[in-house]
Amino acid sequence: MSEKKTTHFGYKEVDKDSKADMVADVFHSVAARYDLMNDLMSAGIHRIWKRFTIELSGVRKGNSVLDIAGGTGDLAAKFSRIVGTEGRVVLADINQSMLEVGRDKLLDTGYQGNIEFVQADAQFLPFPDDSFDCITIAFGLRNVTEKETALRSMLRVLKPGGRLLVLEFSKPENEVLSKAYDAYSFRLLPLMGKLVANDAESYQYLAESIRMHPDQDTLKEMMEDAGFNRVEYHNMTGGIVALHRGVKA
Amino acid sequence: MAGDINPTLHTAGLAAAEAAMNRALELAPAGRAALAELEDCVFALHCTAPQLDVFLQPGSGSIRLMGIYDGPVTTSIRGQASDFAELATANDPAAALINGNLELHGDSAPLIELQRTLAHLDVDWEAPLVDALGDVAGHQLATLLKGAFSWGRQASAGLARQLEEFIHEEARLTPPRLELEDFYREVHELQMQVERIELRTARLRKRLHEKADKD
């Protein structure tokens with residue numbers, strides 16, 4: 001059987017080799033206004049979702065944490081304070097622009113000493129086996145070309161007993177909420193993108209990529225297939241976002 | 001976890017409470033130093049009505065509130081919201097823990113220290129006022145507010161005392177505390193006497209039955 005050579009980029013079917021570049025273009029375009037847009041689009045609720053992720057991560061002083069697709073460093077900053085000087089936080093992102101924005105923001109606000117910045121592809125993580133106590137990927141997995149490869153790569157670099165947390169947009173539990181969310185995503189979101197970031201297309205991609213992302217149960221199965229144990233998920237804000245957690249045996 | 005509460009709402013509530021507590025701590029240097037001594041302690045507060053779990057972790061200069069915590073905790077307390085409120089406002093937290101309805105596991109000393117620190121936070125409101133309004137206006141306003149708060153506290157204490165006197169002595173709506181305690185003591189003595197008479201009657205009845213059986 002021949003391997004599938006295409007993948008989706010929003011609603012478009014594109015060549016697998018070109019998706020990473022297309023996603024990179026989107027994030028190069030939005031990097032400078034990423035934080036502002038996140039606050040506007042979610043009315044600040046993304047901070048609550050990330051806070052819940054940190055609680056569920058169980059990260060403590062001295063732990064080593066990898067934040068993949070860490071973008072502008074919201075999670076890495078919190079983890080840096082929790083792990084303290086004995087711990088280690090690696091902020092990884094495939095996109096150079098996002099990594100630069102995140103690095104500048106964290107260094108400018110005094111986070112240094114226990115944070116490293118690494119430009120890395122989630123599918124091919126450049127770390128030794130069993131390196132981290134916890135890995136987080138917030139709003140990043142849907143942009144990865146081959147999610148299964150990325151999940152296996154994360155499992156490899158996790159220490160036994162380590163936890164992976166995937167925070168990602170998902171499927172609303174309620175039909176009415178789903179319709180309202182669709183209207184918001186496809187009408188208001190590109191408009192806000194155009195007004196604030198002067199880039200409607202990137203936010204159109206954002207809405208489409210959310211719809212193409214696996215729902216809660218499918219992602220749970222994918223994590224189990226990749227080798228994670230005790231996989232569970234928590235729906236937040238009616239399932240608009242779900243937090244999946246799996247443990248490496 | 002947060003019982004029946006939605007994780008988004010629970011987390012949002014904790015984030016707001018944590019921000020408020022840490023803002024107050026920023027203005028209370030003595031409290032901040034006392035909390036730093038409790039660094040690495042984790043307190044689990046399990047409220048049964050309403051159902052809510054909160055984990056409180058003091059750090060150097062701040063407090064972290066969490067809805068979920070998997071690790072070992074220093075002290076765990078369980079009870080209703082009213083029991084927690086009683087402990088939070090108690091002048092003697094040790095007595096409140098012993099006499100109250102809270103169920104406690106673990107080390108009580110750090111918990112008592114935490115209660116004392118939080119209950120006696122001496123917040124310096126002058127600093128943010130001076131930052132916002134300048135040295136002279138900020139200081140004047142802070143002095144005015146401090147005076148108003150102090151007068152308010154005294155007035156409130158005075159009012160409470162006078163109201164108590166009026167209720168007890170003037171209107172005679174409820175008896176004074178000492179009178180009530182005397183009454184309870186008399187009721188208790190009466191209860192003991194009734195119990196003794198009851199037992200004596202039972203013994204006499206038994207004797208009569210035995211005598212009747214012999215006859």
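From the backbone N, Cα and C atoms, a Cβ is placed for every residue, glycine too.
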Candidates A:Thr53, A:Thr72, A:Thr109, the one TrEMBL lists with A:Asp93, A:Asp121, A:Ala122 as binding S-adenosyl-L-methionine: A:Thr72
Looking at S-adenosyl-L-methionine and its recorded binding residues A:Thr72, A:Asp93, A:Asp121, A:Ala122, figure out the farthest C-alpha pair and report it in angstrom, whole number. 16
In three-state DSSP terms, A:Asp93 (S-adenosyl-L-methionine binding site) is classed as strand
Just name the winner among A:Asp93, A:Asp121 (the binding-site residues) by count of other CB atoms within 10 A of its CB. A:Asp93
Name the secondary structure element type, per DSSP in three states, that contains A:Asp121 (S-adenosyl-L-methionine binding site). coil
